[in-house]
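Colleague: The structure's right below; bear with me while I get my questions together.
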Amino acid sequence: MLTLTRLDSAQPDFQARLARLLQFDDATDASIEEAVATILHAVKTRGDAAVLEYTERFDRLPAPSAASLELGAAELAAALAGLPEDTRAALEAAADRVRRYHEKQLQGSWTYTEDDGTVLGQKVTPLDRVGLYVPGGKAAYPSSVLMNAIPAKVAGVAELVMVVPTPGGERNALVLAAAAIAGVDRVFTIGGAQAVAALAYGTETVPQVDKIVGPGNAYVAAAKRRVFGTVGIDMIAGPSEILVIADGSTPAEWVAMDLFSQAEHDELAQSILLSPDPDYLDAVAAAIDQLIVEMPRAEVIRTSLTNRGALIRTHDLHDAAAIANAIAPEHLELAVSDPEALLPKLRHAGAIFMGKNTCEALGDYCAGPNHVLPTSRTARFSSPLGVYDFQKRTSLIHVSEAGAQTLGRIAATLAYGEGLQAHARSAEYRLTHK
């Protein structure tokens, strides 16, 4: 029998116990930081030569030149053509849904004109070039390609450069096919911190990008953190999370499997169930014990649920919503009979899955919204990856002669108050009646 943490929001020490449950040490190992710093410096100063050395060392992939590590469009097309018909259809259907959803996020430029003829506005511009990191080797994450690449393309990014490690030369056809479907422009078979460095600084062969997105291991995360400022990054993601609020109307087996869906990612993933019904919590616990023996990743799930999972009894659904807001989970499932009634109470979550038919796994692959979501309580101030992450906004100011008279006097007064005489004089030069 799996031992799960059981909490009750009525307990005097509930908040302290919940805080301990949510604690996660995201400090990067000093040896990783040191190794990443060395790799970044080498690639920054030595370019292609360093990339080739690290690719041979870490991926066991010797290459005569950095150019030979680039895959041509024909290879991506061949990977797509070689897929089983049902797999290709599923990828294309998912891509279409992701594309249609993200097209709703497009923002355009705008202006307005004041009474004196002054025009103010905002110019929205896509980024020029974006780098996409995709885990490679035996791990197949075609969904990650779609979720990162499609919003960039919808935003109008001119060039999307994907890096994907191929340990021992092992290429993943699903990943390459997804790149073809998503419209990735260039693909390099490099990975790790050296790939992040190549994208951030540019080499003789790999072009420098403006922003790097996509998941990776601890070395990739450390590298992204270090190059931020030279380039933009999407986020530094923590372990996967799911929080389920249930009223007992959803079969216990369904909710148990939903908890598994995040727990199977890794031992640090967090799966929590909130319910005011203690009998239902018992039923889910029993379902967990019954179903876990069927799972290929049972040991990972068991470790995750034992160390970081919890079944929490709440006073009512409103109490559950308040706890959910404090946790600010990556994925929030509302396994309740009336999710619309509960929705106004919820403020902080990466994505909200409403109703018993809406399992989190659908959002991971094909519902349409992005599966790149804030973790580790950052949903309190962060949003899912979207088209807006690949656009930037520039303020527009076109002051008329009449406007310069009013604004010039205001600006000069404030500038003199701050002791910035050149600012003040610059505004005063535009005054026709001084």
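Each residue, glycine too, has its Cβ placed from N, Cα and C.
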Colleague: Swiss-Prot has Gln262, His265, His423 binding Zn(2+). Which one of Asp185, Asp319, Asp338, Asp364 is in the same site?
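Modeller: Same Zn(2+) site in Swiss-Prot: Asp364.
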Colleague: According to Swiss-Prot, Gln262, His265, His331, Asp364, Glu418, His423 bind substrate; identify which of Ser240, Ser382, Ser383, Ser395 is listed for that same site.
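Modeller: Substrate site check in Swiss-Prot: besides Gln262, His265, His331, Asp364, Glu418, His423, the record includes Ser240 out of Ser240, Ser382, Ser383, Ser395.
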Colleague: If the substrate binders are Ser240, Gln262, His265, His331, Asp364, Glu418, His423 per the record, what's the largest distance between their Cα atoms, in Å?
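Modeller: Answer in Å: the longest Cα-Cα distance is 56.
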Colleague: State the three-class DSSP label for His331 (active site, proton acceptor), counting H, G and I as helix, E and B as strand, and everything else as coil.
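Modeller: Note: His331 (active site, proton acceptor) is in a strand by DSSP.
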Colleague: Other than Tyr133, Gln194, Asn217, which residues of the chain come within 8 Å of the NAD(+) site, judged by Cβ distance to the Cβ centroid of those residues?
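Modeller: Nearby residues not in the site list: Val163, Pro165, Gly191, Gly192, Ala193, Ala195, Val196, Gly216, Tyr219, Val220, Ala223.
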Colleague: Need this for a regression test: recorded positions Gln194, Glu330, His331, filtered to those with Cα within 10 Å of Ser240 (substrate binding site). What's left?
Modeller: Glu330, His331
Colleague: Just to be sure I understand the packing, how many Cβ atoms besides its own are within 10 Å of the Cβ of Gln194 (NAD(+) binding site)?
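Modeller: Summing over all protein chains shown, Gln194 (NAD(+) binding site) has 29 other Cβ atoms within 10 Å.
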Colleague: How many Å lie between the Cα of Asp364 (substrate binding site) and the Cα of Gln194 (NAD(+) binding site)?
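Modeller: Approximately 28 Å lies between the Cα of Asp364 (substrate binding site) and that of Gln194 (NAD(+) binding site).
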Colleague: Where the distance is taken from Cα to Cα, which of the recorded positions His331, Glu418, His423 turns out closest to Tyr133 (NAD(+) binding site)?
Modeller: His331
